[in-house]
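Engineer: Pasting the feature list from Swiss-Prot:
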ACT_SITE  Ser468  active site, proton acceptor
BINDING   Asp78, Asp120, Lys121, Glu442  Mg(2+) binding site
BINDING   Cys119, Cys191  [2Fe-2S] cluster binding site
MOD_RES   Lys121  N6-carboxylysine
Amino acid sequence: MISDNARSGMQQAPARSLFNALGFTAEEMKKPMIGIVSSYNEIVPGHMNIDKIVNAVKLGVAEAGGVPVVFPAIAVCDGIAMGHVGMKYSLVTRDLIADSTECMAIAHQFDGLVMVPNCDKNVPGLLMAAARLNLPTVFVSGGPMLAGHVKGKKRSLSSMFEAVGSYAAGTMTEEDVLEFEEKVCPTCGSCSGMYTANSMNCLTEALGMGLRGNGTIPAVYSERIKLAKHAGMAVMDMVNKGITARDIITKDSIMNALTVDMALGCSTNSMLHLPAIAHEIGFDFDIKFANPISEKTPNLCHLAPAGPTYMEDLNEAGGVYAVMKELADIGLLNTDCLTVSGKTIGECIATAYNRDPEVIRTVDNAYSKTGGLAVLSGNLAPDGSVVKRSAVVPEMLVHEGPARVFDSEEDAIAAIKGGKIVEGDVVVIRYEGPKGGPGMREMLNPTSAIAGMGLGSSVALITDGRFSGASRGASIGHVSPEAAVGGPIALVEEGDIISIDIPGLKLELKVSDEELAARKAKWQPREPKVTTGYLKRYASLVTSGNRGAILKSSADE
């Protein structure tokens, strides 16, 4: 066992004295030691139940003959961090989580790990760590929140943000906003739509790193406690069989996850996280891989914010495996990929079926023949940009309009709420990329303000920042190269005409090459927005959005 390095032989007698201090028995020191990475805290609604999930995992590990040992991982609530300086500290935690988990796992020589994440950066950070460490590893998330109910309709956090925009437009009263505030988030769990957290938990299941139901069983269901116990048992089975994370996280399983992403209509943030996970196994994942996958993958689900259904509905309809069964039946998945259950994807989904074609549409009745995401390129985004095509209204799939240019999120919000943005405009928010932000803030407040003010079907937003999974509309993010490194988005001037062609996968600035070259010759880098602390270090190491905003391993890279 790996843990023998820390516990066996006369040389490790001092370490054993410390295990004795922890209360380990002599019998426990002979059993596999399983690290349980707990993301529990009291500031993230999606993590406030994780202590209960962790306790269930511990029971499962012990039942199967292992010794469970809990250690922590940090987690940020993107909703609470939204709209202020705190959002600069969200994406950056992904790599902190991966790095700190690596340190804990290797320092203490665990034989296996159970990751218990739930929210946005916590899930991909731990997936990166799992791929890097290559230990027997199982994921079990905290689970999604139930939808709220306002005036007889299901609602979620995205409708809360849009309510603020409606209030600014004068179409909603303060009392109406208060009712949303009190009712849209009724339980613990990751916010109830197909936002980033739930997207990544579903893709964890598609990758094979979580058991059936990992992405969809609601946080408050007792079924999730059972799932956690089974996760503890499953990691012991992996230890006994010698199955490790890289047996499961492979190029093929990542492409499976990308295919499921397209069918589910996941958050655009998956186009940051899948490349980062792939990087950990040495797979150079180009975000432009998304387009050929999207071209042949039907979009089967329109969960909030794209439609009126929620994670609890997807769970009742058969969950991720039911979606995967639809895709496998038309040959779009590699069903030979291994899962943490010890079975292949094909074996796992063999008994899955679609219980509600209104929630999971059949291939014959798909929302569209193409997938939920698209990568657009052109002279405004030579290295690509990402849009959630499934959340764009038909009239905005092709659009041309004048640029309204802002060098920060705050300036853009002030203009939108001040009535300075009109139908046809293309809002450009730049210097918000991984390096320029720094931290690549989510532009949920601007997109929600646009939607709430009734401009969602006539105004587009383009940024080198990113979007919450709760954003909808013609919201094009991850524009690469970013403004801070002199990308073309830095050269856009007020009134320039921008052409968006989502079906054609094009994002163009209607300015001549000669004019762009002249502007580039005059361009000067901005002074860093942050000159101290972790963000300074992050800005010096982070790569572009099209590379997953991974960190360089050296200054020369």
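Even glycines carry a Cβ here, placed using N, Cα and C.
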Engineer: According to DSSP, does Asp78 (Mg(2+) binding site) sit in a helix, a strand, or coil?
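Structural biologist: Reduced to three states, the DSSP call for Asp78 (Mg(2+) binding site) is helix.
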Engineer: Apart from Asp78, Asp120, Lys121, Glu442, which residues in this chain have a Cβ no more than 8 Å from the mean position of the Cβ atoms of those residues at the Mg(2+) site?
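Structural biologist: After dropping the recorded site residues, what remains is Val76, Ala81, Met87, Ser90, Leu91, Cys119, Thr196, Ala197, Asn269, Ser468.
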Engineer: Give the number of CB atoms, excluding that of Cys119 ([2Fe-2S] cluster binding site) itself, located within 10 Å of its CB.
Structural biologist: 30
Engineer: If you draw a 10 Å sphere around the Cβ of Asp120 (Mg(2+) binding site), how many other Cβ atoms fall inside it, taking every protein chain shown into account?
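Structural biologist: Excluding its own Cβ, Asp120 (Mg(2+) binding site) sees 34 Cβ atoms within 10 Å.
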Engineer: Would you identify which of the binding-site residues Asp78, Glu442 has the most other C-beta atoms lying within 10 angstroms of its C-beta?
Structural biologist: Glu442
Engineer: Please give me the CB contact count at 10 A for Ser468 (active site, proton acceptor), counting all chains in the structure.
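Structural biologist: Ser468 (active site, proton acceptor) is surrounded by 31 other Cβ atoms within 10 Å.
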Engineer: In Å, rounded, how far does the Cα of Cys191 ([2Fe-2S] cluster binding site) sit from the Cα of Asp120 (Mg(2+) binding site)?
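Structural biologist: Cα to Cα, Cys191 ([2Fe-2S] cluster binding site) and Asp120 (Mg(2+) binding site) are separated by 10 Å.
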Engineer: List every residue in the same chain as Lys121 (Mg(2+) binding site), at least 6 positions away in sequence, whose Cβ is under 8 Å from its Cβ.
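Structural biologist: In sequence order, the residues whose Cβ lies under 8 Å from that of Lys121 (Mg(2+) binding site) (at least 6 apart) are Ala75, Val76, Asp78, Ser90, Leu91, Thr93, Arg94, Ile97.
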Engineer: Rounded to a whole number, how many Å is the Cα of Glu442 (Mg(2+) binding site) away from the Cα of the residue listed as 'active site, proton acceptor'?
Structural biologist: 6
Engineer: Tell me the coarse DSSP state (helix, strand, coil) of Asp120 (Mg(2+) binding site).
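Structural biologist: Reduced to three states, the DSSP call for Asp120 (Mg(2+) binding site) is coil.
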Engineer: Quick check: in three-state DSSP terms, what is Cys191 ([2Fe-2S] cluster binding site)?
Structural biologist: coil
Engineer: Rounded to the nearest Å, what's the C-alpha distance separating Cys119 ([2Fe-2S] cluster binding site) and the residue listed as 'active site, proton acceptor'? Just drop the number here, would you?
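Structural biologist: Spelling it out, the Cα of Cys119 ([2Fe-2S] cluster binding site) and the Cα of the residue listed as 'active site, proton acceptor' are 12 Å apart.
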Engineer: In whole Å, how far does the CA atom of Asp120 (Mg(2+) binding site) lie from that of the residue listed as 'active site, proton acceptor'?
Structural biologist: 9
Engineer: State the count of C-beta atoms found within 10 angstroms of the C-beta of Cys191 ([2Fe-2S] cluster binding site), not counting that atom itself.
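Structural biologist: That number is 32.
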